Each structure stands twice: as C-alpha cells, then as structure tokens.
Amino acid sequence: MAATTNAGRSMASWRRLPTLIAAFTLSWASSFVAAAGSADYFVHDLPGAPDGPLVKMHAGHIEVNPENNGNLFFWHFQNKHIANKQRTVIWLNGGPGCSSEDGALMEIGPYRLKDENTLVYNDGAWNEFANVLFVDNPVGTGFSYVDTNAYIHELTEMASNFITFLERWFALFPEYEHDDLYIAGESYAGQYIPYIAQAIIERNKNAGPVNHKWNLAGLLIGNGWISPKEQYEAYLQFAYEKGIVKKGTDLATRLENPTALCQLKITESPDKIDYTECEEILQDMLQQTAGGVGASGKPQCYNMYDVRLKDDYPSCGMAWPPDLKSVTPYLRKKEVIKALNINENKSTGWTECNGQVGLNFHPKTKPSITLLPDILSSGVPILLFSGAEDLICNHLGTEALISNMEWNGGKGFELTPGTWATRRDWTFEGEPAGFWQQARNLTYVLFYNSSHMAPFDYPRRTRDMLDRFMGVDISSIGGQPTDSRLDGEKLPETTVGGAAGNSTSNQAAEKAKLEMAKWEAYRKSGELVLVIVIVAAAIWGWFVWKDRRKTAGQGYMGVATGERHSISTNPSGSRQGNVSGRTRGQGLEGFRNKRSGRRDVEAQDFDESELDDLHLSKPEDPHADSRYSIGDASDDEDGQKPEKSSSSGQAGRS
C-alpha cells in the first residue's frame with residue numbers, strides 16, 4: 001500500500017511539472033522581455049538619411065495618463081562622444097501645442113532636411129557631447145496623443161505627466177538615469193521648463209534606493225515666454241528700437257494706449273500668464289505696420305520671429321522658417337512613421353502645432369518667473385539666450401525680467417550694490433557673435449543677427465554655448481577646437497563640427513551596447529523564448545519517461561490523463577473615436593496658436609498593445625465618443641502654426 005501511495009504521489013508530481021515549468025518559463029521570459037524593452041523603440045533606419053553610420057536613436061510612445069490614453073512621443077539621439085562625463089539634454093518646443101520635432105529637424109538635432117526626401121548632417125548638432133531627447137509635450141502635441149476631451153489645462157498637470165514620462169523612460173533606458181540632466185527649449189517652453197525643474201527638485205527630496213535622485217544640472221531657455229509683465233511691455237519698446245514704429249507718431253499713440261491698458265490689467269491681476277488685452281498689442285502692431293504689396297499680391301507685414309523679413313499679411317511669419325515646408329511632408333511619410341514606431345494606420349499625421357492644445361490650456365498657476373529664484377538658489381544654474389531680431393519673445397523683455405528679478409542675495413546682474421556684471425563681447429571664429437553676462441548662477445547670452453530660433457540660424461554657435469554651459473572637457477576627445485572668445489580672451493577649447501577621435505570610455509560603452517543589441521534582437525525575433533520552451537519540453541519528457549520506466553518496474557502502468565495546461569491571454573480591443581471640431585483664431589490665435597487650415601479628421605486611435613512595455617492597465621471604455629488626438633491643427637486661414645502660448649490659444653511658438 002505504501003508503495004502504491006508513493007508511486008501515485010510521484011506520478012502526480014510529474015503531471016504537475018508541465019505547469020510548473022510553463023510558469024517558470026513564462027516568468028523568466030517576461031522578466032527578460034521587460035529588461036530588454038528598449039529594443040521595441042530602436043530606430044533601425046531613417047528614410048533619407050545620408051550615407052554613413054546612422055546615429056543611434058530610439059523613438060516611440062510612453063503612456064503617462066492611462067485614464068485618458070495620454071501618451072508622450074519621444075525621439076532620442078545618442079551622443080557621438082563622451083567627454084569628461086555623461087550628459088543628457090531634453091529639448092522642448094513651446095506653443096503650447098508645438099512639436100519638438102521642430103527642434104529635432106530644424107534646430108539642434110543631428111539631421112536637417114535638404115528637401116522633403118533628403119536628410120543632411122547638421123554641423124553643430126547638440127548630440128556631439130550629450131544625448132538629446134526630444135519630447136512632444138504636453139499630450140496632444142505633435143506625435144503625442146490623448147483623448148480629445150482630456151487635454152491638460154495646468155502647468156502643474158503638465159509637469160506631473162512629464163515626471164511620469166521620465167520615470168518610465170529611465171526604466172526603459174536605465175543607462176542614462178545617472179547622466180547630468182539638462183532641460184532646454186524655447187518660447188512657451190519658458191513656462192514648461194521651470195515647472196518641470198521644480199517638480200524634479202521636489203521629487204529628489206523624496207528619493208530613495210529605488211527612485212534615486214536625478215542629477216538636474218542646468219536649464220537653458222531660448223527666447224522664452226517667462227514674465228508677462230516685462231515681456232508684453234517690451235513689444236512697443238522693441239518696435240521703437242528697430243524703427244518699426246516711430247515715437248511721437250499717431251501710430252505710436254495708438255499702440256501706447258493698449259500698452260498702458262495692458263500694464264493696468266497686469267497690476268490688477270499680477271499672477272496670470274496671458275492677458276487678452278495685452279495680446280492685442282502685437283496683433284495691432286503687425287496689422288498697422290503692414291504695407292506694400294508682395295509677389296503674392298497681398299500686403300506685406302513684419303515677420304514676428306525675425307523682423308528683418310517680411311511676409312504676407314496676416315501670416316506675418318507663421319509659415320517660417322523655410323525648412324517647415326519639407327518637415328511636414330517628411331514626417332507624414334508612411335516609411336518615416338513606421339521607422340519612428342508610430343502606428344501609421346491610426347494617426348492623423350504630424351502637424352507642427354495643435355491649436356486644440358493651446359485652446360484647452362488655461363493655466364491658473366503663476367508665471368514661471370516666480371519659480372526661477374528658488375531654482376537658482378537650489379544650485380541649478382540657468383542660461384537664458386535670445387536672438388536679437390525676434391519680436392514675439394524679444395530680448396528687451398528678457399533683459400528687463402532679469403533686471404527686475406531678485407535671487408541669491410542680489411537683484412539683476414549686480415555683483416555688489418551699484419555694480420553690475422559687465423556684458424562681455426563674444427566673437428566666434430573672428431566674427432562678432434553677441435555678448436555674455438553672468439552673475440550668481442544665471443547666465444544670459446544675446447545672439448546678434450538671430451531670430452526667435454537661434455539654433456536654426458547658428459547651430460555651431462549655440463552648440464558652443466551649450467558645451468561651455470555644460471563644462472565639456474575635450475582633453476580626451478581631440479578634434480579641431482573652435483576659436484571662441486569673450487572680450488578677446490580665448491575660452492576653454494571645445495570642438496565644433498565633429499571631434500576627430502573618440503574616448504576610450506565611449507568605445508567601451510559602444511561595445512557593451514552592441515552586445516546588448518544582439519540580445520534584444522534575439523528577444524525580438526522570439527528565438528530565445530522558443531529555445532526555452534524546447535528545453536523545458538525536453539526536460540519534462542525525460543522525467544515522464546523515467547517515471548514510467550520506474551512505475552513499470554513496480555508493476556504499475558502510466559495512465560494518460562485528459563488534463564490540459566494552458567496559459568492564455570485576453571486581447572483587449574482597440575479604442576476608437578473621431579477627432580472632431582476645428583479651432584477658430586481669436587486675437588493672436590491666428591499668430592501664435594498657428595498651424596491651422598485643413599486638418600485630418602478621420603477616426604484615429606492607437607493600438608495600446610504595441611506600446612505596453614511600461615503601460616499601466618486601463619479600464620475599458622467602449623463608449624468614449626472622442627478618442628485619441630494627435631496633432632490636430634487649428635483652422636487659421638493660412639494653415640500655419642501657433643506660437644508663444646496662451647490659455648486663449650494666443651501665443652508662443654515652437
């Protein structure tokens with residue numbers, strides 16, 4: 001009897017073995033898949049890329065708001081060289097609602113478009129000594145998407161989403177989590193960046209063994225919308241300085257009245273970011289200074305992003321810069337959408353600026369100028385830079401907000417009471433480039449002959465600025481250093497236009513990453529999982545054979561059972577819905593919340609199963625009436641993009 005009982009137990013144990021092996025195999029394979037999830041975002045090729053090695057890059061979506069299907073799109077480029085330390089620069093464009101692919105393909109990315117089919121190398125790209133991470137922020141911008149009834153309204157909400165994004169991005173790419181982290185951008189990103197920085201500082205206070213601190217090393221804001229009080233007033237001051245409006249004329253009087261009303265409204269409610277009365281100043285100025293007839297037969301107005309240029313009224317710069325005519329069709333190509341890991345069947349297509357994001361953005365939070373003193377005092381350096389020919393976020397407004405701001409025991413750029421830091425003349429390769437001014441952790445750089453998008457005009461100069469701000473040490477790199485001087489004094493050497501050699505640390509890192517890429521390829525093809533299953537089946541078969549031989553020797557027969565062990569998954573249905581509605585320009589919507597005209601309105605959504613490496617589970621919502629929005633455009637007459645920003649859809653730019 002004892003023999004029978006023991007044999008029965010032994011047989012039962014072997015029958016349970018397939019389930020145990022399957023569970024172990026699935027668990028092990030799942031852990032491996034999670035660890036290698038970054039392979040799903042790898043960009044294997046980029047249509048139109050120039051001959052030569054492709055810059056290593058990853059792109060795709062990360063879910064930040066499962067309740068409303070909010071996903072942020074990122075495009076990450078690996079650094080070409082590692083200097084004295086690892087660095088990552090996050091780049092954000094503004095709007096709100098303007099895509100950071102502006103920055104990727106027209107400003108600081110490794111490639112620019114020669115035409116809509118051809119990429120060329122960008123001499124001065126920011127990924128020379130830093131990894132660069134472009135993010136379409138907030139949800140609904142560019143390739144990012146969200147339910148159309150769930151656009152965000154607040155800067156704090158935007159910052160919270162961004163922290164979630166970073167946590168999941170670093171989980172996918174843990175090799176970058178200990179990098180020195182810089183956040184850079186322009187225009188309305190002057191509101192985004194300080195709020196994100198504040199959220200990181202608060203997160204770091206509660207960091208522990210699991211969620212350890214991020215090394216926030218600095219902020220860079222170009223032509224930023226930061227302080228309404230000084231920057232609205234600077235519209236007319238800039239117009240006087242540039243001769244757009246002459247003092248004492250009837251036109252000057254007509255513009256001085258709304259400027260005075262604007263300042264009154266700001267005095268009454270000083271903690272707002274946008275004021276309707278103030279937005280009318282720029283609109284009126286562009287309209288009343290328009291004159292002459294261009295080749296199109298339309299009146300000519302000043303380009304608000306570069307007053308050296310003229311444009312058809314009422315566009316006034318919204319079709320600028322000229323590269324934009326190639327960027328839009330390029331990012332809508334099916335092969336590009338596939339390469340960047342976008343679901344091509346369910347995307348409305350990329351648009352530079354989504355007017356719906358701006359129209360739904362109604363921040364009640366204070367302007368970001370109120371955050372800068374605490375950020376500076378926390379030890380995070382800030383660099384503000386301006387293109388001298390930009391009107392919409394002009395340098396006079398930036399210089400005024402610095403002069404009025406108090407931080408680290410002083411006001412403005414004063415070194416001691418009554419003594420201010422000097423403006424140091426900057427020459428770059430023998431040409432006047434601008435000036436630098438610095439005090440108490442804040443640096444200001446003015447770029448001569450430059451627009452709202454300084455990196456578009458001078459990629460090599462802005463890269464030189466970045467490298468100096470980051471403290472790049474090229475001693476281990478080599479290469480031809482640029483001649484960059486302040487007041488004639490040669491600055492520490494940085495290379496511009498590519499380093500000749502590479503550091504040992506970078507070579508070792510590359511070798512390790514190539515090895516990891518092989519394992520990712522195995523995982524992606526399923527070969528590893530297949531091997532595991534075959535081995536597990538062989539082991540189980542051997543144990544069954546051995547057991548049957550043993551029981552046969554004891555006078556018992558193995559009995560086949562009808563049990564089946566299976567592990568199944570229930571696929572979730574995709575969520576669908578229509579993107580409806582159009583944006584109407586009001587006030588400066590037609591100027592700053594641009595990019596309108598005809599928009600794609602077919603039903604769109606995203607298959608979440610393709611993006612679930614780090615996604616949270618979300619409840620089914622089969623009755624949602626208006627689902628994912630990705631790059632909806634506003635419907636201004638010229639089909640152009642928004643700018644600086646505004647809760648009323650009136651501002652910002654890229």
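For all residues, glycine too, the Cβ spot is worked out from N, Cα and C.
For Ser187 (active site), the Cβ neighbour count at a 10 Å cut-off comes to 34, with all displayed protein chains included. Feature annotation from Swiss-Prot assigns active site to Ser187 (among others).
Cβ neighbours within 10 Å of Asp390 (active site), excluding its own Cβ and spanning all shown chains: 29. The feature active site is assigned by Swiss-Prot to Asp390 (among others).
The active site feature in Swiss-Prot is assigned to His452 (among others); the stated evidence is sequence analysis.
According to Swiss-Prot, the feature compositional bias 'Polar residues' maps to 567-583 (among others).
Residues or ranges marked as compositional bias 'Polar residues' in Swiss-Prot: 645-654 (among others).
Taken from Swiss-Prot, the feature signal peptide applies to 1-29, supported by sequence analysis.
Summarising the annotation, Swiss-Prot assigns topological domain 'Lumenal' to 30-524.
If you look up Swiss-Prot, you'll see 546-654 marked as topological domain 'Cytoplasmic'. Mean pLDDT for the topological domain 'Cytoplasmic' (546-654) in the predicted structure: 40.
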Tell me, how many other CB atoms lie within 10 A of the CB of His452 (active site), whichever protein chain they belong to?
31
